[in-house]
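Engineer: TrEMBL lists ARG66, GLY91, ASP164, LEU165, GLU191 with the feature S-adenosyl-L-methionine binding site.
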Amino acid sequence: RSEGARQPFTDTDTADEAVRATCDDATTCKRFATSKGYWKDPYIQYFARSVGERKAPEINRGYYARVQGVNHLLDAFIKKAECDCQVINLGAGLDTTFWRLKDENLMPRKFFEVDFPTVVARKIHNIKTKPPLSKPIIETHSTDSLLLDAHSLDSDRYCIIGADLRDVSNLDEKLKKFQLNPELPTLLLSECVLVYMTPSQSSNLVHWAAETFHTAMFINYEQVNMSDRFGQVMIENLQRRQCTLAGVEACQSLDSQKERFLKTGWENADALDMMTVYSMLPQDDVARIERLEFLDERELLQQLLQHYSICWASKDKHNLGKTHLCNC
C-alpha cells in the first residue's frame, strides 16, 4: 500500500501498541492499590504477577475513586434490571469485574468483554491456566463444551471477544454471533478507551450502541479539562510513550463529554469530575482509605481528580428508571 492510502491507524502501529500497554498500567496500579487495602480484589493477582513498584498515594486514591464510582453505577443498573440485563465492557483489558459480580450474586444474563486480539489472547491464557479464574466460568456454564480459541472465549454467562472497536460493523457481527440480545437492557462500559480513538470513530461506536439497544446505559471514564496546563502536561507525558490521545477534543469539559452522547442518539447524559465523585463516595470508607497512606499535598490529588470524569448516558424505552451516581 502506498503511504498516501495508508489508514491513520492500523493494528500494527506503535500507537496501538502503546494503547495496549496502558492495559498493563491499569492492572499494576490496581494490584498495588489492592495490596495496600484500598479495596478488595482477590482476582487481580492472577493478571499482574507481582505487586510491583510503589505508586504515589494520589494515584492509589484516584484508582479507588474510579473503581468505586464505576462500580456504583454498574451495580445500580444491574440491581434495577434485577440481573435481567447484559453488560458489554469495551476495551476491558485484564479487568476482573465478571468474577466480582459472580461473588456478589450480581451476575447479568451475560457479560461481554471486547479488546484487541493480543490483549484477549493473554487474558484467555491466564484464565485457562488459573483455576480460580476458570472455575467460576465453568460453574456458570450449562454444557460440557466451552468455545475457546486464541482470540475468543464463549460460555453461557461470560464472553471475551478479540476485535477492534474502531470497526463497528465487525464488532456488531461478533457480538451477535455470541448471542448478544438487543432486546435486553444493556450496560456498556469504557474506561480510558474512547480517548484513544478519533472523534468520528468514537462517535460511530457510541451511536451504534444507541441504535442497537432501546434500554441502555453507557458509562465512560476518562480525562476531562484537558485544555489547561495540567492537561497539556498529561498529554505530553503520554506522547513521550507514543500514546496519542486522538479523541482529546471530547475531553475539554464535562459538557463536551456529555455532548458526545447527546448528539449520537442518547436521551440523557450526566458527567462529574472525579473530585466531585470522591466527595460523594461513602465518607466512612473514604476516611478509612485516607488513613492507609499519608498524602503530603492534597492539592495534587485535587488536580489529578479534576482531570478525570465519569460520564453516563441513558436511553430508557422500558422506564427502567434512570440510574444516578447521586443516590449513593
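The backbone N, Cα and C atoms fix where each Cβ goes, and this holds for glycine too.
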Engineer: Once near-sequence residues are set aside, which residues in the chain of LEU165 (S-adenosyl-L-methionine binding site), 6 or more away, have Cβ atoms under 8 Å from its Cβ?
Structural biologist: LEU90, GLY91, VAL114, LEU171, VAL193, MET197, GLN201, LEU205
Engineer: What residue among the binding-site residues ASP164, GLU191 has the most other CB atoms lying within 10 A of its CB?
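Structural biologist: The most densely surrounded of these binding-site residues is GLU191.
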Engineer: Report the same-chain neighbours of ARG66 (S-adenosyl-L-methionine binding site): residues 6+ apart in sequence with Cβ closer than 8 Å to its Cβ, ordered by sequence.
Structural biologist: GLU191, TYR221, MET274, TYR308
Engineer: Measure the Cβ-based neighbour count of GLY91 (S-adenosyl-L-methionine binding site), defined as the other Cβ atoms within 10 Å of its Cβ.
Structural biologist: 23
